[in-house]
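Marked as active site, nucleophile by Swiss-Prot on the basis of sequence analysis: Cys56. Feature annotation from Swiss-Prot assigns substrate binding site to Thr55, Cys56, Asn57, Arg58, Ser113, Glu118, Pro119, Gln120, Gln124. Under the heading NADP(+) binding site, Swiss-Prot lists Gly193, Ala194, Gly195, Glu196, Met197, Ile198. What Swiss-Prot lists as site 'Important for activity' is His103.
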Amino acid sequence: MSVFALGLNHTTAPVDLRGRFAFTLEQLAPTLQGFRERLTTGQRPGTPEAAILSTCNRTELYCAAEPQLVRPALEWLAGVGGVGADTLSHHAYMLEGGEAARHAFRVASGLDSMVLGEPQILGQMKQAVREADAAGTLGSTLHQLFQRSFAVAKEVRTATEIGTHSISMAAAAVRLAAQLFEDLREIRVLFVGAGEMIELAATHFSARAPARMAVANRTLERGERLASRFGAESIRLSDLPQRLHEFDAVVSCTASSLPLIGLGAVERALKVRRHRPIFMVDLAVPRDIEPEVARLDDVYLYTVDDLSAIVQSGGEKRLAAVAQAEAIIETGVQSFVHWLGQRGTVPLIQALNAQADSWRENELVRARKLLARGESVDAVLDALSRGLTQKMLHGTLAELHASDPAQRAQLATTVSRLFLRGAIPPDAVRPSGPREDDHLDGV
């Protein structure tokens, strides 16, 4: 069994393509179960383990499965997003084994985020694991991968200053607004949604004391709770088109599968505003604001991808923290690869133990019969020990005897390492073929 990660993120795919592969929490369990059903049909081997991490910046499918399932997994994901497999391949990354583990560790630690070191991704990954566990698709191999990811992320955040020298998406939005408006204390800000990202954006804007703030959310009660924290007004999402003109800045981030703010609504708002500019930030994937809105002369619309240049600033201290974090991650990768390799030998170890137990049981049955016939204990013990020795060595000696000269030296080295701890007797391996007196003593 192998571990692989298939995904696309803000560095490999545009926001519109990422939106095709965005999943809500409610969609994860049925999607994972559908994936497992699809890949366990026909002649495909094994039952794959799977988990999906879906955020505004990435969608990633983590699997523990046989290597030949990689291509079917890609085709399945492409079908879910309604694109061709070749199109997805062009924008996706496929990582296997140690590379997949390294990627998971970097994601959990915030090194692969648009905002370096951002803490939200760790919580999102933990939620993805809980959803996979509830769906029954997690499995012991992925469980180990993610638990090690969380441990590495904790060490990175404890031992380095990762994230200290970066700014958040919300802070970047405030910076952009400050470039457009002379005084943020005079603007009116509308937040659409009531999730973690909107809460963070409201915190940053509130620190600049805008003239007025409002929260529009589909669930009015949740919107009211957030609004009360910042002394803001709570409005119904259904009232948004009629009230859009009241606001100079709009920040939106919801889980809607369709845009909430359309071109027509913005055009009407601009007309009422006599074309005073509107600053808009769409942090949602899929988009909350129709992309055509960006064509309007008096609208300054920014998406998560547009904010990337701002949040990538950092300096030398940030580079030093990254180097420290990468070293911690590399140690974790080597440990996981070693564990995964050991896990691959488990079936062999189980088979060896079963074979040894079978030999032991057979010899015990034989010994008991000899004792019942009145044989001496010493004779029975001698026969039992010889029987076990012959069974243990027969297969190995037979392979040595049957091997050709080219194979014999390598096989002899392996046998020596396993049975003699590397001490090969002189003349144990000869370059020539078998001599006439070669035989299997005692077999």
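Cβ from N, Cα, C; glycine included.
In this structure the C-alpha atoms belonging to Met197 (NADP(+) binding site) and Ser113 (substrate binding site) are separated by 15 Å.
Checking each of the binding-site residues Thr55, Ser113, Pro119 against Gly193 (NADP(+) binding site) by C-alpha distance, the shortest gap belongs to Thr55. Taking the centre of the Cβ atoms of Gly193, Ala194, Gly195, Glu196, Met197, Ile198 as the NADP(+) site, the nearby residues of that chain (Cβ within 8 Å, site residues left out) are Phe191, Glu199, Leu200, Ala201, Leu226, Cys253, Thr254.
Taking the Cβ of Glu196 (NADP(+) binding site) as centre and 10 Å as the limit, one finds 13 other Cβ atoms among all the protein chains shown.
Apart from Thr55, Cys56, Asn57, Arg58, Ser113, Glu118, Pro119, Gln120, Gln124, the residues listed for substrate, the same chain places the Cβ atoms of Met114, Val115, Ile121 within 8 Å of the centroid of those Cβ atoms. In the shown protein chains, 15 other C-beta atoms lie within 10 A of the C-beta of Gly195 (NADP(+) binding site). Nearest to Thr55 (substrate binding site) in space, judged by Cα atoms and limited to the recorded positions His103, Ala194, Gly195, is Gly195. Of the candidate recorded positions, Cys56, Ser113, Pro119, the one lying closest to Ile198 (NADP(+) binding site) when CA atoms are compared is Cys56. Cβ contacts within 10 Å of Thr55 (substrate binding site), excluding its own Cβ and spanning all protein chains shown: 24.
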